[in-house]
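Asks: Below: one structure in structure tokens.
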Amino acid sequence: MSDIPSGALEADESRAVSLLSRVILPRPGEPLDVRKLYIEESTTNSRRAHAPTRTSLEIGPESEVSFATYFNAFPASYWRRWSTLDTVVLRVELTGTARVDVYRSKATGARITVGGAPVAGEGDGPAAVEFEIDLTPFEDGGWIWFDITTNTAVRVHSAGWYAPVPAPGRANVAVGIPTFNRPADCVNALAALTSDPLVDEVISAVIVSDQGTSKAKDHPGFADAAARLGDRLSIHNQPNLGGSGGYSRVMYEALKNTDCEQILFMDDDIRIEPDSILRALAMNRFAKSPILVGGQMLNLQEPSHLHVMGEVVDRANFMWTAAPNAEYDHDFAKFKLSDAEEPRTKLLHRRVDVDFNGWWMCMIPRQIAEELGQPLPLFIKWDDAEYGLRAGEHGYGTVTLPGAAIWHMAWSDKDDAIDWQAYFHLRNRLVVAALHWDGPVSGLIASHLKATIKHLLCLEYSTVAIQNKAMEDFLAGPENLFSILESAMPDVRKLRSQYPDAVVLPGATSLPPASDMRRKKIAIPVSKPAIAVNLARGVVHQLRSHDPETHVRPQINVATQDARWFSLCRVDGVTVTTADGRGVVYRQRDRAKMFALLRASLRQQARLARKFDRMRKVYRDALPMLTSTQKWESVLLTETPEKVGR
């Protein structure tokens, strides 16, 4: 196709054959920052555009609306890389008089004009205009979008991105939702699946693994949500086996008791944009070869913020991180997609390749699930990353698809790096590293040693204690994972409760007022000399005995964001606010405990260094057992499933 801007396709026969993604509009009453995920309106417009439905838009006369937005621009480079398509078709149906202009971006973020045409729809019905855009120029990055400039009042009846050929395979999705004591969230997720008729059509089964004591079926809204799903919904009660146990049950039931072609993993505590399911499904069906298709994560509390475009595992220290050319926490309300001058926005136009996708939303083809087997028995953390790495070793890629997304609570509102979950972070990181990493373990151990020192300087003794247990349990071998799948979490919480930094108090007023009223906030040390000086002073302080009075009355009260090692390394008693702001913990320095924990950690790290190569072989030999259906049946099939009918 020519690079010269051109007009619309001839109106004879539509080239829009198979829907890839609809243009979707904000819900009624959405705030401005959320609206910017869907449309960008010119400041010269006389009034805001109004969306009567999720797929139609009313625009005033003499107005300009751009669809260069997160949900409505087309991520062309991902379709160029992963799909069989050579072109994509934009179809817009509207009444009124307007002009539709189509643009694309390069991997640098620079805007290129593709073409445009006037459109006039009157009387009998809307006029349709189509543009077919070549995907060849999108090897390294780029999006496609369109703008509408109106002369008269215009109603966009529908718009969407289409393939010019029929979709291969079948649309037959089994949706799986593990839940634990979140009945309201689970019911909302179930209701969302039937809120959109096109989404409802492609869902053949909904599998809920309910692992809590507060059951979803007992929620007042459950009956209505279940009635809409009919006999497609099944509830499976089981002990609390964590996310990995919940998703393993989903995969087990989907493969054994449905004829689904796609298995969609979804968290219970999310808000989903329903069209995301159709977008992931379209990528699944048009893929050159079977792939895992993941949705991205938006921040539930700051809805215009994208968590990250994609993630990889850093092979230097075997820790997940943002993929190359990706950054965390992009605010689309502040930095719009078409802002080519903003460095953060430019990165959004580069295609990001990933190692895995979070299981907040991830579509797995049946073929891959049958070949790879079940998730690992990890309870929580790293199970999704491991499955992506395992898939990659079998030749199956993972795509984190822009524009397919859910809203989920941000990690910044959680203390999971220091609370009981820190055990699973480390133990499972070691397990997955043993299975899928051939690099020197020195990088991983060095990063953990650095983290241990920081935890001790921050008086996070409970974190170090459970991480020592994590190393011990990893070295106990793979056979141990199933035997402690249900018991590890309560055991870890019990161990952690022995330390004051694990006890959450209602607030700082639960204790006497802080004694040091003159202490100033310490500036963040940036230069190496400043870091060295602060560290040396902190270490010297750690060698001294603590003042017993500081374990009765804290010296200072510190906010979460200020609880850094250089702020806490020279105090003996301090309250620190929890990440969610709902309480405080009273951290207390204890030289004897600190040295005992440090010695235990160094011993375990030395054991890791000596034994890690042998553990690689042990875990890899055990992988067929860890992922086998038969082994999982022994822990999953403990209660009778409930089939929910109309």
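Placement of Cβ uses the backbone N, Cα and C atoms for every residue, glycine included.
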Asks: Which one of Gln211, Gln296 goes with Arg182, Asn240, Asp267 at the UDP-alpha-D-galactofuranose site, as Swiss-Prot has it?
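Replies: That UDP-alpha-D-galactofuranose site, as Swiss-Prot gives it, pairs Arg182, Asn240, Asp267 with Gln211.
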Asks: Given that Swiss-Prot annotates Asp267, Asp269 as binding Mn(2+), state which candidate in His408, His425, His436, His448 belongs to that site as well.
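Replies: It is His408, as the record lists it for that site.
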Asks: Which residues, sitting 6 or more apart from Asp384 (active site, proton acceptor) on the same chain, put a CB under 8 Å from its CB?
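Replies: Correct list: Phe356, Asn357, Gly358, Trp359, Cys362.
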Asks: Hey, what's the Cβ neighbour count for Gln211 (UDP-alpha-D-galactofuranose binding site) at 10 Å?
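Replies: Around Gln211 (UDP-alpha-D-galactofuranose binding site), other Cβ atoms within 10 Å: 22.
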Asks: Out of Arg182, Gln211, Asn240, the binding-site residues in the record, which is closest to Asp269 (Mn(2+) binding site) when you go by Cα distance?
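Replies: That would be Arg182, the closest of Arg182, Gln211, Asn240 to Asp269 (Mn(2+) binding site).
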Asks: Given the binding-site residues Arg182, Gln211, Asp267, which lie within 10 A of His408 (Mn(2+) binding site) by CA-CA distance?
Replies: Asp267
Asks: Quick one: of Asp267, Asp269, which of the binding-site residues has the smallest count of other CB atoms within 10 A?
Replies: Asp269
Asks: Translate the DSSP assignment of Asn240 (UDP-alpha-D-galactofuranose binding site) into the three-state scheme.
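Replies: Coil, per DSSP.
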Asks: Starting from the Cβ centroid of Asp267, Asp269, His408, the recorded Mn(2+) site, name every other residue in that chain with its Cβ within 8 Å, sequence order please.
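Replies: Surrounding the site, in chain order, are Asp185, Asp268, Ile270, Leu300, Trp360, Ile406, Met409.
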